[in-house]
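Q: Can you read through this structure? Questions will come right after.
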């Protein structure tokens, strides 16, 4: 099967202003192709489950694999799901897949429990495939004014190769269309990443808003969606050391001087030559780490290079074949919640439900310990899936759009007031400013204030899932849970949600209704686990 993807080099694609002005997204005309062949091949016999031998050829990347892989890919296409450039690697690593944001994405891997993967990220380094997210470039003389219309970010003062978390906002209401990371690459050049689950909504929103901006007399803006580009997140305390070791010119670039929220174009060594990537320091786990934007044809090569640098056994010895190659696509219906819920057993005679839940969380947190004794325990880097990414981001107090954020929620309600720049608070001029700026002023001081606020919770006895109601001592609803899971780092049940303004102070005791039963919970400051971002103060 052959796919032709329309791309250009990332340095040019993100910094050069070479394209015709238009009000809708467009692609460049430079073409590269990604070829995938089927037939007899060699695969690797390794303690790593089902790792394919990857033959890297310049200029294209050819992945040789068993025919079952192709069959499952055809099934995916029949289901209307897309795949990332690393799909074959995930499948041959024993990934369990779930549909997410229109893509078939790895949720976990054979031989690694969710707890294993979570803790490994906190202590070592994990690579997350986040290529399903939508990467954009915006440029042109009107770009800053346009982006400052649709977001509350202070972009006029954002330095080159610095990033900021922001949000696209709806006119009038100030509701959050999507949360986003905005990186300035030059005076008139920005790189933006948005959520896969909001893809179609975001594209329609951006098309409409850009058309309106130009109609109102705004200067020219160029917009491109970087279709099929790879994006990987290298996260954990060893990420800097490992990434430093694969830089083409490590003496020229010291990653210790690249701080959280900064980015740089860097060449990464691979078996098919150095590959230029945009490397940004940050991530979605609360750990130190990097997000790397990669040309579609180079994504496998760059990922393999980082895996090799952190794994003394990778790649392992080659053999002619591996028996028992299984189609993991049957795991599509798995979900992150069931990983813990399946361990909760009915209370035994004489045992309280709280004790039963306590036993369950003990089993959940202990389930991965045996793997520490397995061969390969000296790995420094592994692939990780969406399940671990979700528990890591929740411990870090980070929002997931569609759960903790939506179109009806403003940044102030979401406890994201800090994304509104100081100059924007004084000048306004962004969508929803009339509402949001009034919300920043509490009712006690004559402002509009808010009716609810996003907070964290420690829950007793059982995990609180999305939709669980929060009630007061009279049984009246005062809020709801939007995300929740057992915390592998803390050994407690943590959750995030919205509660009535005035009850949002840390230490406030509330009740969460879980499966129809009341459970005590305490409002808690977030992040639940201290963040470890690399900053100048470090």
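If you go along the chain as it appears here, the first residue is 1 and each next one adds 1.
Each Cβ is built from the backbone N, Cα and C atoms, and glycine gets one as well.
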Q: TrEMBL tags one of 297-327, 328-358, 359-389, 390-420 as region 'Disordered' - which one?
A: 328-358
Q: Could you count the residues of the domain 'GCVT N-terminal' (374-423) that DSSP puts in helix, in strand and in coil?
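A: Summed over the domain 'GCVT N-terminal' (374-423), the classes give 15 helix, 5 strand, 30 coil.
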Q: Based on DSSP, tally up the residues of the domain 'Aminomethyltransferase C-terminal' (452-529) by helix, strand and coil.
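A: Residue counts in helix, strand and coil order: 0 helix, 45 strand, 33 coil.
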